[in-house]
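A short worksheet on the structure shown next.
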Amino acid sequence: MSFVPGQENAGSRSSSGNRAGNGILKKTTWADQTERGSNNQNRGRRNQPKQTATTQPNSGSVVPHYSWFSGITQFQKGKEFKFAEGQGVPIANGIPATEQKGYWFRHNRRSFKSPDGQQKQLLPRWYFYYLGTGPYAGAEYGDDVEGVCWVANKQADTRTSADIAERDPSSHEAIPTRFAPGTFLPQGYYVEGSGRSAPASRSGSRSQSRGPNNRARSSSNQRQPASIVKPDMAEEIAALVLAKLGKDAGQPKQVTKQSAKEVRQKILNKPRQKRTPNKQCPVQQCFGKRGPNQNFGGPEMLKLGTSDPQFPILAELAPTAGAFFFGSKLELVKKNSVGVDEPTKDVYELQYSGAVRFDSTLPGFETIMKVLRENLNAYQNQDGGADVVSPKPQRKRGQRQVAQKKNDEVDNVSVAKPKSAVQRNVNRELTPEDRSLLAQILDDGVVPDGLEDDSNV
C-alpha cells in the first residue's frame, strides 16, 4: 500500500496507465499529454507518431516522468534554485510528514523563435518527485546530481524511499504546488498553475497558422481557453512589472524622512482597527505600548510590524471577517467621550473575545509555536517592564545652566591667585634657612606672624 497525494487515506500504487497491446505498461510523457488536445485539429493530415520517453532522444524538451505537482518556472536569469533546510516539499492531503522527502528536477525546455526572428532559449522549469520516484529514483538523498535540488521535511527519514504511488495522468491531475506557511520561494521563480497552459498555447498557435477561414472554423468546433500563455510569457511578465515600476527592479526604492513621515501619517489617520504597522509606522505608534492588555510582540516584531519575515506565518492564524463576527462573543459598550471640544460625541466600543484553535497537523506548526513563544508577553522579559518606543533623550530643564554654573566655579577656583607671594608658603614647613632669608627680605627684619615654624607650636 502506498500513499496517494490528494487523498485522505493511503491508496495502492496506481498501475492503470497506458498499456500497449502486449499488456506492458508504457511510460507516458508530457509530450503525449500535449498532443492529446491537438489531435482533433489534424484534419486532412497524416497522424504523426507520438514520441515517448522510449522513442524520443533525450533532447531536454520532454519530461520523462509525471510529477504529482505543477512546476516552478524560472523568470530571472542567474538565480539559484534552493530552499532553506526543512522547506521545499509541496504539501498535499494524505501525505504524512514522514513521507515528505524528495527532490526538484530541472527540466531544460526547448528554444523558440521570437517575432523578430531571433532564437531564444526558455528558462528551465523544475518539477518535484518523491524520494525513490522520478528520473532519479535510484539516487540516494543528498547525492551530488546535476540539476537536482534535494528537499525534505525535518520529520522525514531520508535514508529510505518515500512510499508514494506513481502518478497516472489518466486518473490523477497535477496538484497545484503550494508550500507550508513560512516557506520562502527561491528568488526569480514563480509557481505554475495546473499545467494546462502548454497545450492551450500549442493549439492556439496552430489555429493561427491555418488562415482566417480555418481559424474561425477551429474556434467554432473547439472551446477557446480563457487566456493563451505564450512561450515567452515569463519574459513579458518581467518586462511589464519593470514598466509598471518605472525603473529597474534591482535598485531598491529609497525611503527618505519625508516619505516615511507621510506613510506614518497616512497610517495613523486610519481608524485604529484598520492600521497596518510597518517599518515607517511601528507597532507601538499604531497601537500603543505593550502591557497586559496588548501583550504580543517582541523587540524585532515591534520594530518591523507586518514587515517582519515571521509575520506571514502568524497571519495564517488570523480569523476572517466572517469568523470574527460569527465565531466571537461581541459586546457593544458606550464609552465616555474624551474630546474636550466635542462633549456630546457618542463613542462606542465593539468588544470581542474568541479563540483560534489549531493542532500539530497544521503545516508549519513548529514554526508557529516558536514565533508565538517568542512574542507572547515578551514585554515582561524586557528592561523596565513594558517595552516602549525609546524617544530621543531629553535634557532636563535647567540642567544646562546647573552644569555651566559648576564649570564656572571650577574655573574660578583654578584661576584664583594668592594675595601675596608669602602666602603661597603658609602651609609649607619652614626651615631655618627659609626664616633667615625671609628676615633679610623684610624691612624690619622680623618674621611676620603666621610664618612661625610649625615645629615650635
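Backbone N, Cα and C define each Cβ position, glycine as well.
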Candidate sharing the RNA site with ARG125, ARG167 (per Swiss-Prot), from ARG109, ARG110, ARG264: ARG109
Integer Å distance between the CA atoms belonging to THR177 (phosphothreonine) and ARG109 (RNA binding site): 19
Three-class DSSP secondary structure - THR177 (phosphothreonine): coil
Site of maximum Cβ density within 10 Å, from binding-site residues ARG109, ARG125, ARG167: ARG167
For the region 'Disordered' (249-290), the number of residues DSSP places in helix, strand and coil: 20 helix, 0 strand, 22 coil
Modified residues listed as THR177, THR431, least Cβ neighbours within 10 Å: THR431
